[in-house]
Structure formats: C-alpha cells, structure tokens
Amino acid sequence: MLTNIVTPSFYYTVSVTIIRMLNGLSVALISALILGVLGGIYPKIADYFSIVNDIIKTIPNISYIIIVLIWLGSEGSVTVVTFFILFPGLYANILLGMNSLTQDLKDVMAVYPETLFNKIKKVYLPQIFPYLLSGLKVAFGLGFKVSVMAEILSQVKVGIGKQIYYARNMLDMTSIIAWTLWIIIISLLVDQVFEKIIDHRTKNN
C-alpha cells in the first residue's frame with residue numbers, strides 16, 4: 001500500500017477517479033440548487049418534482065450503471081451514474097433549507113419587496129448554505145464510492161475501479177485491500193475537511 005505513494009501512476013489514477021466524481025457531483029449540485037430553490041419559492045414545483053425524485057431514489061444503482069453504459073459507453077457512464085445517485089440527497093437538503101425560512105423572515109421580505117435575484121443572493125443562499133455543506137459532505141463520500149463501483153462495472157481504461165478490476169482478475173487480494181484502504185483514507189480526509197468547514201461556520205455564527 002505504501003509503495004503506491006512513490007509511483008506517479010498512483011496519483012494519476014486517483015485524480016482521474018476524483019475528476020469523474022467531481023463532474024457528476026457538479027452537475028448534481030447545480031441541478032439540485034436550481035430545482036431546490038425554485039421548489040422552495042414555488043411549492044407546486046416541489047410537489048411535482050418530489051414524485052420524480054422519489055422515482056430516482058428507488059432505482060437500483062446497478063440499473064443506472066447498466067442502462068447508462070449501454071447508452072454512453074464506459075467513460076461517460078461514471079459521471080452520469082454519479083449524478084443520478086447524488087442528486088436526490090442534495091435536492092432534499094437544499095429544499096429542507098428553503099423550507100426552514102422563519103415566518104418573521106418571510107414577513108420582512110413581504111414588507112420590503114426585492115427582485116428574485118436579490119432574494120436568492122441575500123436570503124435564500126445564506127439560508128441553505130449549512131444544509132448544502134451537510135449534503136456535500138455526504139455526497140462526496142458516497143460519490144467517491146459510487147464512482148469506483150461504476151468504474152469497475154464499466155471497465156474504464158484508467159481509474160481506481162480499473163485497478164481493482166485488474167487485481168480481481170489477477171486474484172491479487174493485496175492490491176484489492178490496498179486500494180480499498182486508500183478509498184477509505186481519502187473519504188475520511190474529505191470528511192474531516194467538511195467537518196472543519198462546518199465547525200468554523202458554526203462558531204462564526
């Protein structure tokens with residue numbers, strides 16, 4: 001496991017997997033922000049989209065991977081699968097943040113009307129930020145694991161999933177365990193970063 005650190009290919013392999021995960025996470029985050037904020041402002045949108053969100057959550061992960069793999073091929077499937085897995089949780093967190101607006105704040109906004117852009121910038125985004133951080137903390141760890149799983153099943157050319165798939169074919173348990181430990185370590189490090197950000201914001205507030 002420690003020998004991986006001194007090999008340049010290790011960092012390239014890890015970075016490729018993280019980039020794939022971040023691509024899916026970015027699309028999921030932007031989509032969740034738009035729909036979550038709109039759902040908080042216009043309850044009918046939230047009511048309608050809650051049905052779609054529930055359907056997305058009930059589809060098994062393996063089904064996403066197989067369907068998307070047939071449509072897009074191995075490289076594009078990882079990002080798309082990551083998006084579908086992460087979107088429901090991020091959307092739910094953002095909508096929860098929007099719905100947590102106090103009645104006093106709503107009354108102030110009614111007395112002093114602002115443009116929708118200013119409301120989003122000055123009120124809604126600061127309100128949902130703690131919920132967004134919490135959602136991102138979970139999404140990164142989950143997305144990293146989902147991306148690796150998607151890489152294994154889609155048999156990409158480069159990535160942590162590729163290394164685990166190759167080690168499995170070679171019956172190399174040492175490499176499988178080593179890469180699994182690296183997944184755990186990276187997930188824990190990111191988790192600690194988000195914890196510090198959340199703690200820092202909590203203390204400042």
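Each Cβ is built from the backbone N, Cα and C atoms, and glycine gets one as well.
If you look up TrEMBL, you'll see 10-194 marked as domain 'ABC transmembrane type-1'. Among the features that TrEMBL reports, transmembrane segment is placed at 20-43, 55-74, 80-102, 123-144, 176-194.
Looking at 20-43, 80-102, 123-144, 176-194, the range that has the most CB pairs within less than 8 A of the transmembrane segment (55-74) turns out to be 80-102. For the transmembrane segment (123-144), the list of distant contacts is 17-18, 21, 24-25, 28-29, 32-33, 36-37, 40-41, 82, 85-86, 89-90, 92-94, 96-98, 100-101, 105, 109, 183, 186-187, 190-191, 194-195, 197-198, 201: same-chain residues at least six beyond its ends, Cβ to Cβ under 8 Å.
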